[in-house]
Structure formats: structure tokens, C-alpha cells
Amino acid sequence: MGFDVSVVPFNPDGWGPPDATVAPPSFGGGSSAASASIPYAPFSRSDKLGRIADWTRNPPGPAAFAAARDAVFDFAGLEDSTALASADDASFRLVDGKPPPRHPRFGPRWRFQQRPQLPQRRDEEVEARRREAEKERARRDRHYQQNRRSYHPQHNRGGASSSAKPSVDIQPEWTMLEQIPFSSFSKLSFAVADQPEDTLVCGAIEYYDRAFDRVNPKAERRLERFKSRNFFKVTTTDDPVIRRLAENDTATVFATDAILAALMCAPRSVQSWDIVIQRVGNKLFFDKRDGSQLDLLTVNETAQEPLPEAKEDINSAHSLAVEATYINQNFSQQVLLRHGEKVTFDEPNPFATDGEEAASVAYRYRRWRLDDETSLVARCEIHAVNVDPRGERQFLTLNALNEFDPKITGVDWRQKLETQRGAVLATELKNNANKLARWTAQALLAGADMMKLGYVSRLHPRDHYNHSILSVMGYRPRDFAAQINLNTANMWGIVKSIVDVCMKLGEGKYVLVKDPLKPQVRLYEVPGDAFENEYVEEPLPEEEQVRPLADGADATALEMDAAAEVEAEANGATASADGEAEKRVGTTAM
């Protein structure tokens, strides 16, 4: 049997079948009438195509072969085709390669839990998680830095401001001689062979009041102001006792305990400071300028979060330094037994005039022998005296730490001092490492048997005039130095190295400046008339003149007291005005 292709119509007018076509006979040689049995179904491009012919249909026997021959093209059984198409659709899955939408949750943990993961090998999955964690960490770091720049645009990490200036203006005519990094200080070590000897002791001190050892946050004591007592911060060359000792060739190097402590603890400092060094003959004098940074106590110097720089802010670095100095002076006088017995020494206070009440302080002029040719004399301060249970006399140094805002420091003293004293001290050691190291060094230089640390806090975080004493703790200087990792051999090694460098210089004036941004100090040679104020202004009329301060007296307490009096007067005026208004209202009602 053959396959008849039949007649293919020809279109002479164009391409495609003619308009009127002759229906081809059925396959297999049938007549044109049989063309109706040819299966045909209209469809569009959007429809899914099924089978054209199904050759898998097996007829049940030879008799059904002729009927099944045309059945392969028979689409009359649409239910079968629809069922097959539905089965194909059910087994079809669309693979979407696009990432899912990001969820607004913070942290890589949520993203790992909720993000659908395609099947992949285990090492690829671990690598993907690591990349995602690194991206998330980088995003958090960028967010943190942006927030810090928005709140502190002038600061960088470590407490040092990117716009910080040195404590003294560096003049163009100054010559830099040395630049010493702090990393070289950590390797120094020097042991003083002999114990220091007291060449002279001046002043008078009062006894410590042991009742303050029982002060706690529940039984706090208000901090008092001592306007009548004068505090003196006299530099080395202005000290008449040191001048006398220098004339007698008692030593070759002269300094004060505050200056030596700044040198000994220089690697812990962040803010800039400066020391004036004068070489006169074979003698060396370490001085400080009038109004030097060494006269003020730093606050949160070594904290990670920097303080604002605006001086009008009560929590700025300068305002807190003035407040801390004011607190420290008043605390050192309040914890004493006033109007009682005093311990006097060889000579009276060398800076107080007749009839002037000086603060309780004793000056010990102590001498250390550094080598066969070099000896050092330093003026050291003792603030109080105490009697131990064995009846022996003890010398004390008194200092106070101040709390200004618990939200900034992160520790509330009124809640933690009774239960977690160690945590409070650890926080202060982190935020004020340089200040505590200096106090410890000064206590060691003065030969104090005990150092008392007071914890003083504001009555309110926004009130920087009124304070309360929350607690007082005592430490032995050597034990406390070991606790804060302060090595005495390294301290003396720093001083000895600076002395050796300066002894090689010629006669003249020099300045040692701590760099405000880098952990290093620079030594400059300056003119002989540097830091001397030669300006003389015309005298004011008597009615406009203000009584001058005593020579060497500290103006910090007076400055704070004057501001407090102004505020008190303003509050009093407001209160009196309110009282008058209430009286007028009452009279009208009657």
C-alpha cells in the first residue's frame, strides 16, 4: 500500500495557499469527502501545544489496526490530552535565581535563618556565611563611625581630638632638639640606690577625721566650700626654699612632685602638657608655666568616648578639669579635724603671708641621689596626719574622684559603691588612668603611708556647683601602684633619661611638650625671655579695682565660688519674687 501525497494547490498570485483551496483527500487514498475525518483544532500563540501524534497507542488486535491507523491523529479525546497536560504542569517547576527581598532586621542571625538557601555543598555554604558575616560587620562599623562623626565631628578614637592643639603655642623661632616616642620609655629601668632624705619640712597639717571612713551613699555628706583657706601652686624657681637649697649646692636637679609625676606617668597621658626646663650653670630646674595644664586635674582623659570641646558646656574637658580641681581642694580640707591640734614642722608655710590662713599641707623637700654626680631635690606635699592602731603617726595624701554624669561613664556610683566597689574603681582606672597614676606617684615621692581616695558626685547631673561625698577609701601607695601596674623602676628610668638628655644641653631655656595627637614628647629650645609677660597695663581707678589674690594662690576655688554665688542670688531673687506674688494674691483674696 502506498502513500498518496495528493495534489498541492498552487497560488499564482502570491505566497501562501490560494484563497479557495481544494480539500485534499484523506491520507490513504480516500475521497475528498473523507477529509472531514482529519483532526484539526484552532489555537493561538499563547496556548500550550500538546502532542501532534501519539504512536504509543497499541491496538488490541489486528482487526483494530485499520481503525487505529487514523487514531494517532485523532484529538477528539480532549480529556486525555487535558489530563496529560495537567500532569506535565504539575511536574513543572520554575527556578527563580533572583535573591529574596531583604528583611528589615538587624544582625546576620536573622538573615541566615530566614533566607532560603539553594542546595549547595557544605564548604560553599560555610564560605557564604562567612562572607555575609563580614559584610554585616563592615556595615555595623560604618554605621557606628557615622554616628560618632555626627555626634562628635571633632574627635577620633582614643580620647585625643583630631583638632587638638598643644598646651603651648609652638613659635617659629623655636628649635626642636629631640623627639622621644613613648615606646622607648617602656624599656627604661633605674633603681635609686639610697632612700631619700628630708632636707627640710615646712608647713602645718591637721589630723584626718576617721568619721569619713564610714560615709556611704545612703549617708552621704555635702561637700563644703573653704573660701578662707588659700591653696598655693608655686613653680620650682619661684620657691624660696628651693632657691636657698640651690645656692647651698644641695643638689643639681630641682623639681616639684607634680612635675616629676607628670614625667613618670607620661606614657599614660593623652592630653597635651608642657614642662619648662632651665639650665643654669651645672644645675637643672624643671618648671611649669603660670596657668599650665599641670595645675588642673584631667577628667576622663583615657576614656574611649571623648568629651565635648565647647568650653561653655559643663561637661566639656576644660569645665570638668576646673570642677575636679575645685572638688579636690575642698575635699582635702573637709575630711580633717578642723580647729583642733595641728602638727607643725621645721618652718611655717613658705608661701603664706602673716595673718593669712593656708590650707593644711606640709612640704617635704626630699633628696634622691641618682648617681655620683647627680642628685635631685623635689618639693612633695603631705595633706594630713593620722594615728594608726599602734599609736604611730602616719602621713596621708587626700584626693577625690568626681562623678559628673552616670550616663556617660556607664556606672552609677550611688548604686554600685556599696555592692560593687571593685567595678567602680576599675571603671575609674580605665577612664582616668593617668590621673590615678600621678596621684600614686606623688604619694610615693612624698613618702606617704596611706593615700585616701574620695568619691564625690554631683547632686544632679546638670548641677556642677553642689556635690556630695559618697565614700572614702584608703590604699597603701605601694600596694595600689602594684594594682595599677605602676613600676617604680620604670618611673625613675624615665626621669633619669630626661635628666641625662638635658644635662648634655648648654645653658638656656627649653620646653618639653607632649604631642596632642601622637604618643611622644618633643624637646624645644626657646628664647630666654619666653613665657614672660612684659605687658604692663595702666592702673584702674580705685573704685574699679579688685582686690588681688595672694601670691601663688589658686583662683580655681574663687572662680567656682563666684559662679555659685551668682546662681544663688538669681535663685534667691526668683524665690523672693514668687513670695511677693503669693502675698499679693492672698491680700486680694481677703
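The backbone N, Cα and C atoms fix where each Cβ goes, glycine too.
Bear in mind that TrEMBL entries carry predicted annotations, made automatically and left uncurated.
Here TrEMBL flags 109-119 as compositional bias 'Low complexity'. The compositional bias 'Basic and acidic residues' annotation in TrEMBL covers 120-139, 580-590. The annotation compositional bias 'Basic residues' is assigned in TrEMBL to 140-155. The region 'Disordered' annotation in TrEMBL covers 13-38, 92-167, 565-590. As annotated by TrEMBL, region 'RNA gate' applies to 293-307.
Across the compositional bias 'Basic and acidic residues' (120-139), DSSP helix (H, G, I), strand (E, B) and coil residues number 18 helix, 0 strand, 2 coil.
The DSSP breakdown of the region 'RNA gate' (293-307) into helical (H, G, I), extended (E, B) and coil residues amounts to 3 helix, 0 strand, 12 coil. Taken together, the residues in the region 'RNA gate' (293-307) have a mean pLDDT of 88 on the 0 to 100 scale.
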